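Data first, discussion second: the structure below is written as structure tokens.
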Amino acid sequence: MTDYSALTFTAEHEWIRLEPVSEGSPATATIGITSYAAGRLGDVVFVDLPEVGAEIANGSVVGEIESTKSVGELFAPLNGIVLAKNQSVEDSPELVNSDPFGEGWLIKVEFTELPELLTFAEYQALLGDDALTDDETDRAGA
Amino acid sequence: MTADPPPPAPVFSPLHAVHVAANASFTDFAGWQMPVRYSGDLAEHHAVRTAAAIFDLSHMAELSIHGPDAAAFLDYALAGKLSAIALGQAKYSLLLAPSGGIIDDVVVYRTGESEFMVVANAGNHEVAFETLLERSAPFDVEVVDISDDLALIAVQGPRSREIVAATTALAFDVVKPGTVHTDTVHTDTLQVGTVQTDTAQVDTVQVDTPRSAPDARSLESLKYYWSLTAAYSGEPILVARTGYTGEDGFELYVPVRLAAELWRDLVTAGEPYGLIPAGLASRDTLRLEAGMPLYGHELSLDTLPAQAGLGRVPNLSKGDFVGRAALENAASAPTALGAETGGAPSAFVDEGETHSPSTPSRVLVGLVGDGKRAARAGYPLYADDTPGGTLDNAAGDTHDDPAPAPIGEITSGVLSPTLGVPIAMAYLDPAFAAEGTAVSVDVRGKRLPFRVTPLPFYSRKRA
């Protein structure tokens, strides 16, 4: 079960989770794509993520998520520096489908300023009929 | 597949409600809302390779050709010799333009002595029907679009024969007069004899044995690219051992009002064998592994059959047919149509010409790569002159020209679910088309190495 209220979203169907950090440390966020995006792509078979240390600029393409049928681009949702990429997801791209909000996370980023992002309610409104349900992650993994 | 005018209101399959209930995702295909996947592309793909899956192909176009001149008409209107196929037999063929280019690729079933069914692609429904209608004028034949009357359900995979046999509401021991005649075997033998001597001898032996006559109407003895008429809820339906997946399988042409019931019966019968519903996404990866061309990707009005590896489909030993003269001219020219564009090396003909992957004289090849990254339709191909095929700057280092001309273009590509490597089909300049030639593909700005490999990428083990 995912606690969506702890997440913020982009219109490009990415989710951002702010990580708790000790005082004085730079703010960090974990980034992934939503179950809606994973479902639209189909079975993910290849994930290309930015290298650790790479500087990413809000709105730029920093990675690719390929399914059997199509290619999805990963947009940087904020300005920052890549702290970690999910090696497991590069080795087992199906994690993006089976657990998009958990094991299927993509990158961790250090940032100083947060741009305006969508709240869960706003993202749900954007999805309309396709709004996420509580069992979304279970269904995506079925 | 490219930008067309916005389609009118979507057309729904007669099985749409069944798909909605099965939680399918839908996609637009030639104006139809068809299932693109149910559980997942990969699971559906693997089901076809290892067990079975059921597909709704009701978007395909069915055209009925009947009348005294039906066989002669098809010999003229299509590239193959359809008069040579026997009652119950199916044949892959091409609808050619006078230029020799491909208007559509079709499967033709002989359903009577003077009766055929031509199955065309959904995207070419109108043009195929209108072209056939136009060409039928001098013949005593009727061309009728029966697409609205028929749904098409495919069961594909190694367990498909058992599944169709286990569908108890389908009766194969009933032969309807006027559909599959009792003299099927006899006709079969005669026709096979005219086409292929070796097979004819084998078949003649079978015909001489008394048991072969009933066998010809049973599911067990139905051969690949043959069909028979079964009874379903008291109505005749055409059951063909054909498909587009590279596996054994069946295609069932059923009246629209019986389609949902037949689908459910097949699903029920198939569940113990591992059958699941599958969508167009897996259908595409399956046909690509099997090296089968898809209209709009490998085939187009600018493609000659020989370029697409279909040089044996047109039958030049029969009488005149539309496209014949163009094919004969192309065959006698030194480099097919390439010579007519001014004799420039084909690599430099690209600019200013109509943009088609199959630019004159290019040929269709299979490509296989390393890693996990697919080369997709429209990506350009470049010569790879670097020994060992390093990834970056391969072409740039060995040529002074900063922007070398592409030597070809990908028409279809995917990370093969069965083989685990990227596979693609592409049109390539003939100089680079030899098996084993290393080429590089521009995958969204990165050059990735591929090599030419024979088609198909995947063949099932045949019993």
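Count begins at 1; order follows the chain as displayed.
Glycine is no exception: its Cβ is also placed from the backbone N, Cα and C atoms.
Because TrEMBL annotations are produced automatically, they should be read as predictions rather than curated entries.
DSSP classifies B:E251 (substrate binding site) as strand under the three-state reduction. Look at TrEMBL and you will find B:E251 tagged as substrate binding site.
The domain 'GCVT N-terminal' annotation in TrEMBL covers B:15-171 (among others). For the domain 'GCVT N-terminal' (B:15-171), the mean pLDDT of the prediction comes to 97.
Residue counts for the domain 'GCVT N-terminal' (B:217-317) by DSSP state, with H, G and I taken as helix and E and B as strand, are 28 helix, 24 strand, 49 coil. As annotated by TrEMBL, domain 'GCVT N-terminal' applies to B:217-317 (among others).
The domain 'Aminomethyltransferase C-terminal' annotation in TrEMBL covers B:362-458.
Residues or ranges marked as region 'Disordered' by TrEMBL: B:334-362 (among others).
Marked as region 'Disordered' by TrEMBL: B:380-408 (among others).
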For B:E251 (substrate binding site), nearby residues of its own chain (Cβ under 8 Å, 6 or more apart in sequence):
B:L57, B:L152, B:I153, B:A154, B:V239, B:A240, B:T242, B:G243
Helix, strand and coil counts within the domain 'Aminomethyltransferase C-terminal' (B:362-458) (DSSP):
8 helix, 40 strand, 49 coil
